[in-house]
Amino acid sequence: MKVLSLLYLLTAIPGIMSDVQLQESGPGLVKPSQSLSLTCSVTGYSITSGYFWNWIRQFPGNKLEWLGFIKYDGSNGYNPSLKNRVSITRDTSENQFFLKLNSVTTEDTATYYCAGDNDHLYYFDYWGQGTTLTVSS
C-alpha cells in the first residue's frame, strides 16, 4: 500500500498528466443505509479503446483502497471485500463510468477517485481530482 501511495503522489504532480482528463462527480453527502452513486467523466480518450477504468478511495488518515474496475471491453473486477456492495458500470455514448456502493455506513466516508491504468499492475496512469463523500445522518 505504501507503493500505491507513492505512485499516486508521483502521478499527481502537475505536468505529468497528458491530455486525458478524468473528473468525478457525486452527491457529497449520503445518509447511512442509502446507496452511493458517483460518475467519472473521461475526456481525451475513449473508454472503449483501452485501459482499465478504476475507482479508488482515500480514507481520512490517507489509507487508500481500490474498489474495482471496468475494462475497456466492459468486463469488471472488484475488491473481494466489497464485492457484494459495489457495482461499476459505464455509458459509452457519454464516455463515463459509474460507481454504485450499496448500504453505506460512516466507514465509507472518504475521498473517491477514478483512475485509468493500462496494465492493471497497481500503477495508475491517469487520475481525477477526487470527490469527497461524507456519510452522515
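Cβ from N, Cα, C; glycine included.
Taking a C-beta cut-off of under 8 Å and a sequence gap of six or more, CYS114 (disulfide bond) has these contacts in its own chain: LEU22, GLU24, LEU38, CYS40, TRP53, ASN54, TRP55, ILE56, PHE97, LEU99, TRP127, GLY128. DSSP assigns CYS114 (disulfide bond) to a strand in the three-state reduction. Feature annotation from Swiss-Prot assigns disulfide bond to CYS40-CYS114; the stated evidence is sequence analysis.
Residues or ranges marked as region 'Framework-1' by Swiss-Prot: 19-48. Looking just at the region 'Framework-1' (19-48), the mean pLDDT is 95.
For the region 'Framework-2' (55-68), the DSSP counts in helix, strand and coil order read 0 helix, 9 strand, 5 coil. Per Swiss-Prot, region 'Framework-2' is recorded for 55-68.
Counting same-chain residues at least six beyond the ends of the region 'Complementarity-determining-2' (69-84), those with a Cβ under 8 angstroms from any Cβ of the stretch are 47-55, 90, 97, 101, 120. Swiss-Prot lists 69-84 with the feature region 'Complementarity-determining-2'.
Taken from Swiss-Prot, the feature signal peptide applies to 1-18.
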CYS40 (disulfide bond) CB neighbourhood, other CB atoms within 10 A: 28
Tertiary contacts of the region 'Framework-2' (55-68) (same chain, 6+ residues out, Cβ under 8 Å): 1, 4-5, 8, 38, 40, 76-79, 82, 86, 88, 99, 101, 108-115, 122, 124, 130
The region 'Framework-1' (19-48): DSSP-derived helix, strand, coil residue counts: 0 helix, 15 strand, 15 coil
